[in-house]
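Chemist: Input: one structure, supplied below.
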Amino acid sequence: MDKIVVKGGKPLTGDVKISSAKNSVLPIIAASILSNGKCIIENAPMLEDVFVISDVLRSISADVNIDRDNNRVIIESSNICDFEPCCDLVKKLRASFLIMGPMVARFGRVRISLPGGCNIGTRPIDLHLKGFAALGADINVGYGYVEAKANELIGNNIYLDFPSVGATENIMMAATMAKGETIIENAAEEPEIEDLANYLNKMGANIKGAGTGKIKIVGVKEFKSVTHRPIYDRIEAGTFMVASAITKSKIKILGVDEEHLKPIIAKLTEMGVIIEVDNDNLVIDGRRELKPIDIKTMPYPGFPTDMQAQMMGLLSSIKGTSVITETIFENRFMHAPEMKRMGANIKIDGRSAVIEGVNKLTGCEVKATDLRAGAALILCGLAAEGNTEVTDIYHVDRGYMGIEKKLKGLGAEIYRCF
Ligand code: UD1
């Protein structure tokens, strides 16, 4: 199994280009099921999750062509004739559940394996299902599967108990073909939802307000061919911002929108990192003495849970006491024991972690327990004394395109062992 080895202590320098957002591309690929024409996604990140969701679409007879040389995914959904995607593929990737909305909208039926729990929490799908039911779908759950059927979906007012990203996206996609008007209130406001709505609108949908807490969708009958370039990955950008701070370096991050990074910029600035905006680039200077801080993860525009592990790594190396409170996922501190193996001083109490910064982290073998945990351990390795070996790196490959190559480009001593 692949692992990444980092020799810590080298400062970083230079530029790094950020890839397109995994969390935009996955729902966008799912949304392509709605179109009878050809959908082209440009500048798509070549990630394990993108390959898996493409295989999910292939398993229901869509044609999906991944052009790795040009970073394009080309999808033709006119051939879809199966309504039950391959169960083993669905289990590999929770985001596979996002095909449910487009399937029930276009074909009035879908049967899909329940996604189950994962390392970071139980992650139920009740809000997705309540939304489909509110649009008139019959939902049946049993024998490890969920089935949705509808002769016709009808627009409705839907209030989400929690602004779930996936539920907002799935219900929005289902409503694009529902008769009349749907309003989703307490919708998630993540930029990736706005990107998905822009994609759907280019295809012919009528969606207003995506990216705010109230989304209005008027149903349409047909979707056409479309070409789209997804937004950049704000979590990858945040990860490189932390890489700069943890190595006390100055680097430039290319191709980002400052607006989406506000919660991360605010917290790093509070710590003493100097961040300058230069058009769509950011210059991150982490060379000053940094201060401990408190962080609470929240739905967007709050601090993203997907940056919590990376910040824990950084705060472990900053003198003083910091507190992180995780409010989104109930079991997202799996990285803490691994960081403790590297010398970090972290105490977990329920949803809070108290971090006492240590003078130095020390390299050893650690295990990536999930995607962001793995990235955070690589960051710790950049700052640690000696060699850090991060195993189970397949988690990281799900969401970071060539992370070791990008860090090497910035001067890190890092390599992958096969
Ligand atoms: C998406 C992101 C993931 C990110 C998360 C939160 C993608 C592909 N993944 O995941 O990277 O960490 O948002 O920003 O975009 N919940 C329910 N019932 C539901 C749905 C969700 O209780 O029906 C709960 C979840 O258990 C969790 C919280 O809502 O505690 C947030 O989950 P959600 O926003 O749905 O995350 P995902 O869409 O799965």
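Positions of Cβ are set from backbone N, Cα and C atoms, glycine also.
So TrEMBL has the following annotated:
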DOMAIN    6-407  domain 'Enolpyruvate transferase'
BINDING   Lys22, Asn23  phosphoenolpyruvate binding site
BINDING   Arg94, Arg123, Pro124, Ile125, Asp126, Leu127, Asp306, Ile328  UDP-N-acetyl-alpha-D-glucosamine binding site
ACT_SITE  Cys118  active site, proton donor
MOD_RES   Cys118  2-(S-cysteinyl)pyruvic acid O-phosphothioketal
Chemist: Filter the candidate list Lys22, Arg123, Asp306, Ile328 of binding-site residues, keeping only entries whose CB is under 6 Å from an atom of ligand 1.
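Modeler: Listed by sequence, the hits are Arg123, Asp306, Ile328.
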Chemist: On a C-alpha basis, identify the one among Pro124, Asp126, Asp306, Ile328 that is nearest to Asn23 (phosphoenolpyruvate binding site); the candidates are the binding-site residues.
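Modeler: Minimum Cα distance from Asn23 (phosphoenolpyruvate binding site) across Pro124, Asp126, Asp306, Ile328 lands on Asp306.
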Chemist: Can you check which residues sit near Leu127 (UDP-N-acetyl-alpha-D-glucosamine binding site), meaning Cβ under 8 Å from its Cβ, same chain, 6 or more apart in sequence, and list them in order?
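Modeler: Sequence-distant Cβ neighbours: Leu160, Asp161, Phe162, Ser164, Ala167.
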Chemist: Looking at Cβ-Cβ distances, which residues of the chain lie under 8 angstroms from Asp306 (UDP-N-acetyl-alpha-D-glucosamine binding site) while being 6 or more apart from it?
Modeler: Ile235, Gly238, Arg372
Chemist: Mind computing the max CA-CA distance among Arg94, Arg123, Pro124, Ile125, Asp126, Leu127, Asp306, Ile328, which the record assigns to UDP-N-acetyl-alpha-D-glucosamine binding, rounded to whole Å?
Modeler: 22
Chemist: Return the average pLDDT for the domain 'Enolpyruvate transferase' (6-407) as a whole number.
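Modeler: Mean model confidence (pLDDT) across the domain 'Enolpyruvate transferase' (6-407) is 96.
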Chemist: Give me the CA-CA distance between Arg123 (UDP-N-acetyl-alpha-D-glucosamine binding site) and Lys22 (phosphoenolpyruvate binding site), in Å, as a whole number.
Modeler: 19
Chemist: Here are some binding-site residues: Lys22, Arg94, Arg123. Which one has the most Cβ atoms within 10 Å of its Cβ?
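Modeler: It comes out as Lys22.
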Chemist: Can you give me the Cα-Cα distance between Lys22 (phosphoenolpyruvate binding site) and Asp126 (UDP-N-acetyl-alpha-D-glucosamine binding site) in Å, rounded to a whole number?
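Modeler: Distance between the two Cα atoms comes out at 23 Å.
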Chemist: Let's check the environment of Asn23 (phosphoenolpyruvate binding site): how many other CB atoms sit within 10 Å of its CB?
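Modeler: So the number of other Cβ atoms within 10 Å of Asn23 (phosphoenolpyruvate binding site) is 26.
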